[in-house]
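*Asks:* Before we start, here is the structure in question, set down as structure tokens.
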Amino acid sequence: MTRKPFVVANWKMNGSLKANDEWLSAAMPQMSGTRLACDVAVCAPFIYLPQLVIGFEHSATLVGAQNCAQYAQGAYTGEVSAAMLADIGCDLVILGHSERRTLFGETDETVAGKVKLAFDNGVMPIVCVGETLEEREAGRTIEVVSRQLRAVLDKVGILPLVSGALAYEPLWAIGTGKSASAKDAQAVHEALRAVLAEVDQEAAQRTRILYGGSVKAKNASELFAQPDIDGALVGGASLKAEDFLAICHCADSL
Ligand code: PEP
């Protein structure tokens with residue numbers, strides 16, 4: 001089974017109308033149409049999504065949000081629903097990012113509920129799982145990421161993950177410059193695929209599992225060469241178009 005590599009930019013809370021336009025101008029010569037062989041997405045703050053939907057109109061690049069509300073609609077001041085994301089042409093949404101779990105108190109149950117709302121509204125979820133340094137050092141990595149994944153599988157099944165992606169992001173590797181080794185990351189990806197296979201063998205083979213945590217052009221090729229690493233979720237190195245494109249080219253040359 002060959003899975004098409006998928007490289008996703010997570011701009012986090014960065015950008016401005018001007019900076020985003022500059023990013024688009026720098027990237028479009030290489031991103032217009034289907035110039036890149038891998039699937040690519042850019043996930044931006046809510047307020048800039050319309051700018052990206054228009055900016056990527058003539059590109060196969062997908063546009064993603066970084067969160068959505070856990071409720072369908074109503075009196076939830078300041079929230080943005082999955083239906084609203086679909087309404088403005090947003091293709092996907094990152095859910096369960098560790099910054100949402102640790103800084104904003106999202107639980108496995110909250111994340112699973114958001115995945116259901118996203119999928120039901122036609123927005124593809126990219127579901128993040130990952131362990132803390134303390135959990136890794138205690139030998140609990142597989143237990144923790146399997147628990148996080150099972151919470152989603154129990155609520156919504158595997159199809160939302162086949163449509164979007166699963167992302168393994170060890171917390172100690174995010175924004176630290178310290179990536180997991182390709183071998184360690186592969187071991188976790190293999191374990192995650194085995195959890196997916198408990199639900200549906202064939203769908204597990206079709207699900208893309210991305211690695212995230214200090215991915216750069218210089219470590220991307222080794223990560224992408226692993227049999228269960230199907231791409232990357234890229235934070236810091238996605239803020240400059242040329243750095244992000246260099247990672248996309250690593251995926252393209254697989
Ligand atoms: C992320 O936040 O999803 C991420 C992987 O960040 P970084 O690439 O900066 O480690």
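Counting starts with 1 at the first residue shown.
Here the Cβ of each residue, glycine as well, is placed from N, Cα and C on the backbone.
Predicted automatically and left uncurated, TrEMBL annotations should be read as such.
According to TrEMBL:
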BINDING   N10, W11, K12, G175, S214, G235, G236  substrate binding site
ACT_SITE  H97  active site, electrophile
ACT_SITE  E169  active site, proton acceptor
*Asks:* Within a 10 Å radius of its Cβ, which of these binding-site residues (N10, S214) has the fewest neighbouring Cβ atoms?
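*Replies:* So among N10, S214, the binding-site residues given, the one with the fewest Cβ atoms within 10 Å is S214.
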*Asks:* Within the chain of K12 (substrate binding site), which residues six or more apart in sequence place their C-beta under 8 angstroms from its C-beta?
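*Replies:* Listed in sequence order, they are Q66, E99, G235.
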*Asks:* With every protein chain in view, how many other Cβ atoms are within 10 Å of the Cβ of W11 (substrate binding site)?
*Replies:* 23
*Asks:* Setting N10, W11, K12, G175, S214, G235, G236 aside, what same-chain residues sit with their Cβ within 8 Å of the center of the Cβ atoms that define the substrate site, listed in sequence order?
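*Replies:* Going along the sequence, the neighbours appear as I174, V234, A237, S238, L239.
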*Asks:* What is the total of other Cβ atoms whose distance to the Cβ of E169 (active site, proton acceptor) is within 10 Å?
*Replies:* 28
*Asks:* Select one residue from G235, G236: among these binding-site residues, choose the one with the most other Cβ atoms within 10 Å of its Cβ.
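*Replies:* Answer by Cβ density within 10 Å: G235.
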*Asks:* Taking the binding-site residues W11, G175, S214, G236, which residues show a Cβ-atom distance to ligand 1 below 6 Å?
*Replies:* G175, S214, G236
*Asks:* Determine, to the nearest whole angstrom, how far the Cα atom of N10 (substrate binding site) is from the Cα atom of the residue listed as 'active site, proton acceptor'.
*Replies:* 12
*Asks:* Roughly how many Å separate the Cα of W11 (substrate binding site) from that of E169 (active site, proton acceptor), to the nearest whole number?
*Replies:* 15
*Asks:* Measuring Cα to Cα, how many Å separate G175 (substrate binding site) from the residue listed as 'active site, proton acceptor'?
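*Replies:* G175 (substrate binding site) and the residue listed as 'active site, proton acceptor' have their Cα atoms 11 Å apart.
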*Asks:* Rounded to an integer, what is the Cα-Cα distance in Å between the residue listed as 'active site, proton acceptor' and the residue listed as 'active site, electrophile'?
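*Replies:* The separation of the Cα atoms works out to 8 Å.
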*Asks:* Distance check, please: Cα of S214 (substrate binding site) against Cα of H97 (active site, electrophile), rounded to an integer number of angstrom.
*Replies:* 14
*Asks:* To the nearest Å, how far is the Cα of G236 (substrate binding site) from the Cα of H97 (active site, electrophile)?
*Replies:* 14
*Asks:* How many Å separate the two farthest-apart Cα atoms among the substrate-binding residues N10, W11, K12, G175, S214, G235, G236?
*Replies:* 14
